[in-house]
């Protein structure tokens, strides 16, 4: 996908299986900025990490159930989230009509589906965010400034993403296999 590379710190064992149940610990796509900040801070991550790691949404797919709250019955007075660009909302409603029964229906998370790039941030600034949690990144001056910074510089996004990935990889809960990887001679 062309994303950045980094040295993975030693002492952790790579996972060999992926379980859907493990994703229950991830922040929900409907979280607001307060909920996102709380979720990240409970893991020792800050707002900078939140915005940088959200850039992972440059790759992936969203099922309708993850964003239908924004395109159908948004609140008591408005059907569509007013922060969505109207043409984009219409496209999403076409893909995910109300009472959609197709479990696989949905859309890619950004316009460059196979490239790890900063298009995600550019789309956020244009009112084309998929999740409420993506839109929430524009709700505080600090997070909005970071979104703008990453939208204007692939290099800045890559640097911040790598730093946050390394930080996240060192959080408790991983399968640490050794703390000292130096070879012991007898």
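Just so you know, glycine gets a Cβ as well, placed from its N, Cα and C.
According to TrEMBL, the protein has these features:
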- 1-185: domain 'Plant heme peroxidase family profile' (DOMAIN)
- 27: substrate binding site (BINDING)
- 57: heme b binding site (BINDING)
- 58, 110, 113, 117: Ca(2+) binding site (BINDING)
- 64-96: disulfide bond (DISULFID)
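When other Cβ atoms within 10 Å of the Cβ of residue 64 (disulfide bond) are tallied across all protein chains shown, the result is 21.
Cβ contacts within 10 Å of residue 96 (disulfide bond), excluding its own Cβ and spanning all protein chains shown: 22. The binding-site residues examined here are 110, 117; by Cβ neighbour count within 10 Å, the least packed of them is 117. Reported as a whole number, the C-alpha separation between residue 110 (Ca(2+) binding site) and residue 57 (heme b binding site) equals 7 Å. Cβ crowding, taken as the number of other Cβ atoms within 10 Å, peaks at 58 among the binding-site residues 58, 113. Within the set of recorded positions 27, 57, 64, 96, the entry lying nearest in space to residue 113 (Ca(2+) binding site) is 57 (CA atoms).
Within the same chain, residues at least six positions away from residue 57 (heme b binding site) with a Cβ under 8 Å of its Cβ are 109, 110, 120, 130, 131, 134. With respect to their backbone Cα atoms, the residue listed as 'substrate binding site' and residue 64 (disulfide bond) stand 17 Å from each other.
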